[in-house]
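Chemist: One structure, pasted below without further comment.
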Amino acid sequence: MRVPMKPVSLLCLSLFFPPHFSRPFASLCSGLAHRSAAKRRPFPSGGANQLQASYTMDGSHKSVLSDMASQDQLVDSNDGVQGPCIWSCPKGGCKIELGKQIFCNRSLNMKNIVAVGFDMDYTLAQYKPETFESLAYEGTVRKLVYDLGYPQELLEWAFDWKYMVRGLVLDKKRGNILKMDRHKYVKVAYHGFREMLKEEKFGTYGNTLIRDAFDEPEYALIDTLFSLAEAYLFAQLVDFKDNNPGKFPEGADYARMYKDIRAAVDLCHRDGTLKQMVAKDPKRYINEDTLIVPMLKMLRNSGRSTFLVTNSLWDYTNIVMNFLCGSGALDGRRKCNFDWLQYFDVVITGSAKPSFFHEDNRANLFEVERDSGMLLNTDNGTPMPQVGSTSPRISLKGLNEDCRVFQGGSVAHLHKLLSIESSSQVLYVGDHIYGDILRSKKVLGWRTMLVVPELEREVELLWEIRDTRKHLRLLRNERDQIEDQIHHLKWSLKFEKLNSGQMQKMSEALYELECRRDTIRTSHQQAQRECHQKFHKVWGQLMKTGYQNSRFAHQVERFACLYTSQVSNLSLYSPDKYYRPSEDFMPHEFHILPL
């Protein structure tokens, strides 16, 4: 466990005083802070942006982050260069805009966390779908045509990177793409790009006695952003096969096509097609995030260890992390270096997650020689001497390196390297429900945070259409009330002894109620469809399917202690924050305890 470089500033205490005391108290603490500034140990060097280390919050700074973006987003740093406004800066601690907030499923007290770990791809490194996913799509298509014998027409296809979303399920056998709710009821279904009729959908997936679990190997789960391109290509191939059955190799059914897509994707990764293009121009494929370095500095200066566990190998990891932690795009004048390693205690590349998280994993742990990329044998992280030598091969340069880089191994090696005594002391941040979050949570008991980039736009839209959602709820309630009246009238007509006049009157009232119900039902369905299409024209809201949580939302709720739109949102909160979930409501409480 790292030792904090400095105590929390006295300015934080001003938060506990009434408003009429805040100004004089803040002034007093500010004077104390200035007098002690010379005694403070500065943040480690590395990069132009240096943080002011006093953990301060002034009550006068209550503006929303969106207002800060224009004038308060940057604050003066120790070396005179402006840096991002994070929680530990003097203007930090302001109200956080909804799309940047961290949401909590299970209580998590950061004071109990001694190590914070990160995945790299789609966690620290947010890839641009319009360029990176398009690159993956084009590479996969070329492999299908030139290596696996698919028709040349595929080379003319285009990729719509906005079409697919996470949380979908591919039915490999039938060529269908499904979106289901948390109970695994299929609510939206397409065969290729053709929407399935309600009767067709129910006939295939509606029988509860034979309903599938919708898991591998018959189904493929689109639970990572890496999978969006292959899901789109699968839908294209389904349509193409249906219209051109003679152009496919013999025996190439839907399941075989999906298997070939996966093989083509693997070929792209194996021959370095994707990573070589990213390495040439990282800025074209990866979003820059100026808050990552300040976030890592803040975590480390709060006394916590930090580590990186990625499936990418060392050469690619070094390029991406140089881009993220450096001063911008790499070019011929600025080569890769190892400065970014100062922000981590341990880096494990080629980890082969999710098997990395199994404690009975016996994979060997190799130390990576940074300059050459050569692998050195270790004994649980301790360098091993070569045969015929009495001492291990260690470069003199490596003796002074604080962060060690490894490849392979298992979580047991990581715990030993970081001196982790309890799994619950680790917070791991990743983007993949299965590969990062489920296994680390379920198998190890690590605390977890899921990065969901789509969440930022989703919560902003939810706020914009809040009045529409209230209107939908009122329409639904009105429809329920009218249906109750219809049922009552039908009951009376069937079982009560009525004269002809009473029956005529009731029949007319019943007809009027049924017409009104049909009108409200049509209005409700249309309004609900338009509401969902605001999120996505085909699949609707990411976290909802109809009125139920989607399957993806259900997984987020089950396995992620925290979830947020970007990993750097951690920089907007205190490193000692106690995250608490909102109260759960069951249906019988919903209308009794409105908030």
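Just so it is clear, glycine is given a Cβ too, placed from its N, Cα and C backbone atoms.
TrEMBL labels come from automatic prediction, so no person has curated them.
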Chemist: Which residue range, 45-72, 353-380, 465-492, is the one TrEMBL calls coiled coil?
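Modeler: Comparing 45-72, 353-380, 465-492 with TrEMBL, coiled coil matches 465-492.
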Chemist: Using a 10 angstroms cut-off on Cβ to Cβ distances, just flag whichever of D119, D121, D431 is the loneliest among these recorded positions.
Modeler: D121
Chemist: Determine, to the nearest whole angstrom, how far the Cα atom of D119 (active site, nucleophile) is from the Cα atom of D431 (Mg(2+) binding site).
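Modeler: Their Cα atoms are separated by 8 Å.
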Chemist: Distance between D121 (active site, proton donor) and D431 (Mg(2+) binding site) at the Cα atoms, whole Å?
Modeler: 8
